[in-house]
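Student: Take a look at what TrEMBL says about it:
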type: ACT_SITE; residues: 115; note: active site, nucleophile
type: ACT_SITE; residues: 117; note: active site, proton donor
type: BINDING; residues: 115, 398; note: Mg(2+) binding site
type: BINDING; residues: 117; note: GMP binding site
């Protein structure tokens, strides 16, 4: 294109300057001089001629490029009928792998710390229904919401982790890595908003600083029931044509969720029927014993009360432990009701907990004694007592803010436990997903070239037809990829277009390494060096399928 423009431009320039025309050749005949001075009218005409010539050249070039893009698209469509054999040769990511955001040398780690819920303790999907039902009962009984709310049922297919709720507008949404609203991931109640409605409500897909102040994040595993209950209540008020303040909806639901946890309702419900809610885990015991055998120090730091942790650990490990309470011997320090994230910045003192009497001692805690249980406390006192230095400590947790943000700022190494990682990697490894991902990348590439090619304000029919087909194929592919994860919000780590989500951003920010379960470390030697991959994208567990797959 640039060459064409230069050729036309130079030829037009030559016609606008004076030259000597010679009849009969350079040596013989008469020569006549042509003036290099033109009238204003002539100059305008010549400029218009130049523009017409350039426009015609551009249009001619555009049509050729459109034809090329059309041919490439038609050729690719023939290959869309069958999954390429080359997919079988592509590497697969390990669902039980440990993935690295920052280099970590395990040989330099001397202390391993663990959260309890969704880190050491594995729960079944029944737990979310229990939390949901207890919270909706509390909202009706204590906050006087309509009795019809008791008819709500938890929908496990609706929420994912890492959503945001807009308190000012009542929208539940998924954001991408850069803080923009996912087009097919913004709901008002249980109704998905269209692109036009999002634009009308927010003016832009990108969430600005002022709008971000109204957002609350739903990041831990308990947020599934919270997100679903918020959406169900908003939808109920809309259907009943009742006036409501979306701020109060969040405030009341959040208070109800906190109540069922802090009151012990959830804890008692789980311990009343452990097989229904807890998953036994012999591999966890193997991992903890391996660390002890290697001379590592272990501590447990949880917000849950001791009786709940004790009941859960006994059940999960009862098939492997000789004595029912011997799980405590695995840990050098056990701290319950720690009140994270306040634990990392407060000055609260530790108190020794009497298991038999269910009371707290009044004596000052200046040492952690074997077999004792401690409540409350703070990071400052913890480090003073243990003398453990930041870089030699790694802490495992599932909540990116409550569990990991504080330790990462304190200099500890951090490991995020993300249970969804296992299933999402298995989906990404599947040939059908990779097939759709490669198709999507082709559509993106061809659309980019098509938009860059056409410079004329008048679009040809060939252009319009190709644009419609490419957009339709891209949309169909995008929906297929999303539907393989979650029908409402898609993947936890990815947007519908294959880019990283806001949840992925927080993992990248606060987790040095991440995996689906702590016991996945059994697959690595305890002296392993975890390095960031040389071909790092944003999330190291993602594998990008190239559009060239269909061109080989």
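Backbone N, Cα and C atoms are what each Cβ position is placed from, and that goes for glycine too.
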Student: Near the residue listed as 'active site, nucleophile', how many other Cβ atoms are within 10 Å of its Cβ?
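Tutor: Around the residue listed as 'active site, nucleophile', other Cβ atoms within 10 Å: 25.
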Student: Among the recorded positions listed here, 117, 398, which has the most company in the form of other Cβ atoms within 10 Å of its Cβ?
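Tutor: The most densely surrounded of these recorded positions is 117.
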Student: Measuring Cα to Cα, how far is residue 115 (active site, nucleophile) from residue 398 (Mg(2+) binding site) in Å?
Tutor: 8
